[in-house]
Amino acid sequence: GVWKHSKSEGHDDYGLLVSEKARKYAIVNELNEPVSLKDGSTVLQFETRFQNGLECGGAYLKYLRPQEAGWKAKLFDNESPYSIMFGPDKCGATNKVHFILKHKNPKSGEYVEHHLKYPPSVPSDKLTHVYTAILKPDNEVRILIDGEEKKKANFFSADDFEPPLIPAKTIPDPDDKKPEDWDERAKIPDPNAVKPDDWDEDAPMEIEDEEAVKPEGWLDDEPEEVDDPEATKPEDWDDEEDGEWEAPKIDNPKCETAPGCGEWKRPMKMNPAYKGKWSAPLIDNPNYKGIWKPQEIPNPDYFELDKPDFEPIAAVGIEIWTMQDGILFDNILIAKNDKVAESYRETTWKPKFEVEKEKQKAEDESTDSDGLSGVQKKVFDVLYKVADIPFLSEYKLQILVNPSEILFLF
């Protein structure tokens, strides 16, 4: 897919644009220095806008490990090792803001993906939204959308991450086997029960209602349907080829006012003598031992951690597949102070968002009155696509206002 450096619709602000449908996209930007996630808080924040909506595609960022992990910027792809993956993903039943931590297992040395359970869903409109992940020194992560907290989780909680970062202390013994005489039946048929002598298993479920009386005015000799008196044989009907012509049937008009037509039969009713097949009643099983489970043994893969062993962030990349074009990324920020991220939301995201909301409101009102919003949108599309220029032409902004607070801004 072709990236473009393009204006956001309705603004003078430029962003990184997904310009073609049904494509894979990859682009990466290396930081001047790796960012450590082990000291204090770290804030990951970026804006994205689905200018043409999002039915099937990703719009997330990958925060990559240093190149010693085995990747090259020019060969950046889905195999490039990352520390964190964060952002929207929507397709079919998938609708979530991913937060995935790739954590090194200290025992096996392997990197394992740990997915945030029950992540927030992706906003479904075409407005600019800002996504924020705040990693706290108390092992907590907070996920914000448009500055509003949508999820709070603990890295060491098995309720928050799947699989959990710290394995269970014990596991079921894989060599333990259920004894052959283990009885898991809580209830059993009473072996002393005997079918009553008057139990008739052959009695039918329904019988004729002998007390029923044919309604007065029932038309026994009238059929429920009659030939349509207004139907005529088509002129081109050939009896030899088409067979004998028969008029189509219609509901008998005489039956409309009568209680019924045709042969009257007594209705059926439930048979009071019906009992069905007899079976012995259930009683508590005296040999019941419960549901068998293998015994627990110490987990050989168990380990303890005081803090996650975060890998540093050496680059920020976008590596996605999407069926939609018009996805715009902007204001990618890494900071050590969530007040800095909040300030950027107030000064860069919120003004755009308010303008877009007002424009959307006006379009909705216009649609209700004269349906012109579709025409207006096409005009805006043409105007802003005219301004497209080659991506990153004199546009690579690296700001180091305060190294202790802002680490990366694009």
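Note: Cβ is positioned from N, Cα and C throughout, glycine not excepted.
Annotated features, as they stand in TrEMBL:
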COMPBIAS  172-188  compositional bias 'Basic and acidic residues'
COMPBIAS  198-211  compositional bias 'Acidic residues'
COMPBIAS  218-229  compositional bias 'Acidic residues'
COMPBIAS  236-245  compositional bias 'Acidic residues'
DISULFID  C56-C91  disulfide bond
REGION    157-254  region 'Disordered'
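Below 8 angstroms of C-beta separation, residues 246-255, 258-264 of the same chain, each at least six residues beyond the ends of the compositional bias 'Acidic residues' (218-229), sit close to that stretch. Distant neighbours of the compositional bias 'Acidic residues' (198-211): 266-271, 273-278; these residues of the same chain sit at least 6 beyond its ends, with a Cβ under 8 Å from one of its Cβ atoms. In this view, C56 (disulfide bond) is surrounded by 14 other Cβ atoms within 10 Å of its Cβ, with every protein chain counted. Helix, strand and coil counts from DSSP across the compositional bias 'Acidic residues' (236-245) read 4 helix, 0 strand, 6 coil.
Counting only residues at least six positions away in the same chain, the Cβ atoms of E55, C56, G57, M323 sit under 8 Å from the Cβ of C91 (disulfide bond). When the compositional bias 'Acidic residues' (218-229) is classified with DSSP, helix, strand and coil residues number 0 helix, 4 strand, 8 coil. For the region 'Disordered' (157-254), the DSSP counts in helix, strand and coil order read 6 helix, 18 strand, 74 coil.
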